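What TrEMBL records for this protein:
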type	residues	note
DOMAIN	150-287	domain 'Fe2OG dioxygenase'
BINDING	His171, Asp173, His227	Fe cation binding site
REGION	292-323	region 'Disordered'
COMPBIAS	302-323	compositional bias 'Basic and acidic residues'
Amino acid sequence: QVFRSQLSISSVSDQDAHRAGLQPVSQWKAYGLKGYPGFIFILNPFLPGCQRHWVRQCLKLYPQKPNVCNLDLHMAPEKTADLWGQSKEQLRRKDPSKKQPKSLLEKLRWVTLGYHYNWDTKKYSANHYTPFPSDLAFLSEQVAAACGFRGFQAQAGILNYYHFDSSLGIHVDESELDHSRPLLSFSFGQSSIFLLGGLKREEAPTAMFMHSGDIMVMSGFSRLLHHAVPRVLPNPEGTALPSCLDQTLSSGLPAGSVIEQDSEEDWQVCAKYLQSSRINMTIRQVLGEGQKFPEECGTNGKGHEDGHHQENSRAKRCKLSTE
């Protein structure tokens, strides 16, 4: 069922790949699945130590205002202004063998970037937008180009934060106005089972493991397939963290690199968090070239509720928001 995918090696220079924290595209191990045209699975292509940058960004930087997270729906703005600062000492001291109160970072379930997804209406809007992180945009553009999608624009991101009791119900990512551009998915931390289904909800899915550093690209026919994450599992190496996360940056960073050297203090907090967690970044292009949002009647994109997660938890499919 599995075959090697041909990548567009000439579309990404080794220098640009290195600047994004990636191995040269010629060294990537990319695979497709029979019956799923447009689906590409890339086994961890990150250079040693570079996964740490994205983990730190997802925990320390990306949850900051003006980005939106699930905690904004239940807490005053000043309480969610610095989740990292309020959680780092509690996380660093955490004893996995004892039941302790959760830090705010451990209660984080999702963060939206760029065009902020409205969980109620299942839509994006022109007037609910904040600047998309430039480092994540650069990473996404290189991965998309390597998969044959030059000119991809990272316009929206949904970051999901999973724990061992988390799951994500079966769904289709169809709210973007342009489905000709791929959906990119990046995983860090503990492993998970990913189910890739069909165009119809009832079609039997194919199950696969996703490990830290793995990237999935859903494009073409596979762009609108049903998919789900039913289980998060300890990494199969049997250690607290996958060995790829124990690696540090091995050499100097190239000029213009988006990767930043993390401090040992910051990584201690990230590592403690990841011992029982998985972070997933899904990046999308919402609008095609020259495309605009349809006129909206009296909506400003604000005050949205955690509709996606409420709906899924009611159906007992999604535990991302059991807090």
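Cβ from N, Cα, C; glycine included.
Mean pLDDT, taken over the domain 'Fe2OG dioxygenase' (150-287), works out to 93 on the 0 to 100 scale. Of all the binding-site residues listed here (His171, His227), the one with the fewest other CB atoms within 10 A of its own CB is His171. Taking DSSP states H, G and I as helix and E and B as strand, the domain 'Fe2OG dioxygenase' (150-287) has 20 helix, 49 strand, 69 coil. Of all Cβ atoms in the shown protein chains, 18 besides its own fall within 10 Å of the Cβ of Asp173 (Fe cation binding site).
In sequence order, Ile170, Val172, Leu225, His226, Ala228 are the residues of the same chain, not among His171, Asp173, His227, whose CB sits within 8 A of the CB centroid for the Fe cation site.
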